Amino acid sequence: MIDMFHDTHNILLCVPGFLGGAILLVVSQNFKNPFALSTAIMVMPVFFFLVLAIGSISLDEARQDGWVDPVEKTASISELVNLFDFDLVHWDQIPNQIVTWIGMVFIVAISSSLDVVAIEIDMGTKLDINHELKTVGWSNVVSGLLGGYTGSYIFGQTIFTCRSKTNSRVVGVCVILAEIAIVVVPVSVMSYVPRFFLAATLFFVALDLMLEWLVLAYRKMCIREWAVVWLSFLAINLVSLDLGMLIGIGVAALNFILNYIQAPVMIQDYSRDARDILEPLVVSRNLGSIAHFEFHGYLFFASVVQLIEGVQKGVYVHKCSNTSDKQKYLPVCALSHNITVECLDGSPAPNSNILPTELVVMDFTHVSGMDATAARGAFLILKKYCGNQGISILFVNVLPKIRKLLLKNEVTSKESFYDTMNAALEFCESHLSNGR
């Protein structure tokens, strides 16, 4: 592939794609208008055809120079169906694929779960992970039965939707209609669209992801976690996807062991149960409008679900019976009638007479360490959930390295940290007194 760049003409064909992708990245990061990115995308082919018109260059000449794909007739739907010939299937090779199938199930399940968490962080709203995984699973079943490719979320489409600020189902409908049109139209769409247009969109997605996770991630991770990301990235590209992921998991496990070994020895309360050292726990109690949570051990990626579920069960919010499920996660309703209390996750509260939570106190006294996944996957999401309800979060007795990690990931501000539980509770009492 590198040999292609020995030809100056090939380099010339690549330049517009690189420039277009860089321009799309600049537009997405500097313009908040939802039409900005869409306009920038549409300008590229318009500019291309404008140059052809000014230079009196025909589309056929552009095809000969490699700017546009040659005209090709696409297969009709009936021809696609006729491609299915089970006599050509090597049935004896199916047993050899079982291990690969099982491995891909785990890979897609893990990657899809991480995609859901990333979307939750970006949108600040809750998603049902089980429902999302079922959607991916059934989509793969249908795609496989119809001879299509299997996979997970179209991350590029997700990036485009998020960056263009078009948070609407209309985007999905447009994608469906466009894909149906591509199948129905008898000619290839790429025969009339400049190649660099597709290259620019792909380069934009690649540049955005690499910049965020390989460069800017340094600001949100410890140096060793950042090294794990780079080693995993290099392993996947130099070896293979499945083996590279195994190498990455092994490096992450080694990093976790090193972190856990270097954790300070905690004597207070740990003698009650050895699990307090080995397994992160969430212990909660509610004092009126104050919800208190005490965390133990080393908080890492495997703790995320437990942390989110534990905190959501211990935080109570107003529920307006005349609101839709979507409105349920908006700031606290100010209605004085027909109001009940529920848990933050939408489940019924254990006591209907309990007060809605106004302040959440998170005690890190017995937390020996935390990684960036727990910071973003648990506490950043909880911050957004509580923020949607107007609930403030206080952090008590946080180690300097954990405090730095929380600040890097924009989980909280410096004013939300307290050295002792008494100082945090005094603030809570003062806040509640002033509120009443």
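Every residue gets a Cβ built from N, Cα and C, even glycine.
These come from TrEMBL:
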| type | residues | note |
| --- | --- | --- |
| DOMAIN | 293-428 | domain 'STAS' |
| TRANSMEM | 12-29 | transmembrane segment |
| TRANSMEM | 35-54 | transmembrane segment |
| TRANSMEM | 98-118 | transmembrane segment |
| TRANSMEM | 138-156 | transmembrane segment |
| TRANSMEM | 168-190 | transmembrane segment |
| TRANSMEM | 196-216 | transmembrane segment |
| TRANSMEM | 228-258 | transmembrane segment |
I'd like the per-state residue tally for the domain 'STAS' (293-428) from DSSP, helix first, then strand, then coil. 54 helix, 37 strand, 45 coil
Averaged over the domain 'STAS' (293-428), what pLDDT does the prediction give? 83
With Cβ distances under 8 Å as the criterion, find the stretch in 35-54, 98-118, 168-190, 228-258 that has the most pairs with the transmembrane segment (196-216). 35-54
Relative to the transmembrane segment (228-258), which of 35-54, 98-118, 168-190 accounts for the most Cβ pairs at distances under 8 Å? 98-118
